[in-house]
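Novice: Have a look at this one.
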Amino acid sequence: MIRVTALSNARLALAFIDYMKTQGVDMELRPQGRYAELWLAQDEKLAQVESALEAFLLDPQHPRYQAASWRTGSLHYRGETGAGLRGWLPALRQQAGPLTLGVTALCVLVFFLMALIGDDRVMAALLYPAGPAQYGQIWRWVSHAFLHFSLLHLLFNVVWWWYLAGLTERYRGRASLAILFVLSAVVSGMVQSHFSGIFFGGLSGVVYALMGYVWWHGEKNPGGPLFMPLGVIVFALLWLIAGYFNILGIAIANAAHVAGLVTGLLMAFWQTRRGQSHGYQR
């Protein structure tokens, strides 16, 4: 057994142990006074553990480590850190950059404007272009993403946006997030309008683009900061299936979801092919 390090915060020590377990490394926590010592039985994996520990100490609240605790069933860690709403919200607040916050604020503002002055007036200004006469109104190609038609619709999209866009802005930069937002809004709008006309709205096409983008980067760089928990991937796929088979009994912009997902995957694929998969910001 090798003593790797000692941490003064036992909760963080457990989180790191959970994460290393998902990487195929078994570690042991030994209380030592006010400290929690981390011990490793597999000598040959010491370099891997030290590298992972360095990244962990830079950002111990990253959702990757909480996701690892969920996957390994570490109830002790979840209970002490106040998982769920109390555990996630501080991490979400930390990672939201200016663009993430700005889009969130615009979505909320537009929603309240619709309630105050009426849906028709707001939609008339922000809907996808109805034809060539409106093609020059450039904002319409993306402004449909800010329209939400119920509180549940708004909350669903904004929470996912906050989480995924926050990760992307923090680790891939504001420019990457801005490009992905514009591309996915335009492409998902074009595809959805082909199937259902212009009366649609919501951030979900962009959200699905972010899901594809983050997932691809996580697959290509497993040790990097961008990561999609398996539960989120399963949920996204089930939501797509439910929409196509009308299981939920509500109107869902299925074409926009698929178009957004493909856009995000393609942008991540392009970046990783150009050798940008490790170009993370800190």
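Quick reminder: no glycine exception, Cβ is built from N, Cα and C everywhere.
So Swiss-Prot says this about it:
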- 97-117: transmembrane segment (TRANSMEM)
- 145-165: transmembrane segment (TRANSMEM)
- 173-193: transmembrane segment (TRANSMEM)
- 195-215: transmembrane segment (TRANSMEM)
- S204: active site, nucleophile (ACT_SITE)
- 224-243: transmembrane segment (TRANSMEM)
- 248-270: transmembrane segment (TRANSMEM)
- H257: active site (ACT_SITE)
Novice: Counting across all protein chains shown, how many other Cβ atoms sit within 10 Å of the Cβ of S204 (active site, nucleophile)?
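Specialist: Neighbour count, Cβ to Cβ under the 10 Å cut-off: 26.
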Novice: So which of 97-117, 173-193, 195-215 has the most C-beta pairs under 8 Å when paired with the transmembrane segment (145-165)?
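Specialist: Counting Cβ pairs under 8 Å, the winner is 195-215.
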Novice: Please report how many Å separate the Cα atom of S204 (active site, nucleophile) from that of the residue listed as 'active site', as a whole number.
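Specialist: About 6 Å separate the Cα atoms of these two residues.
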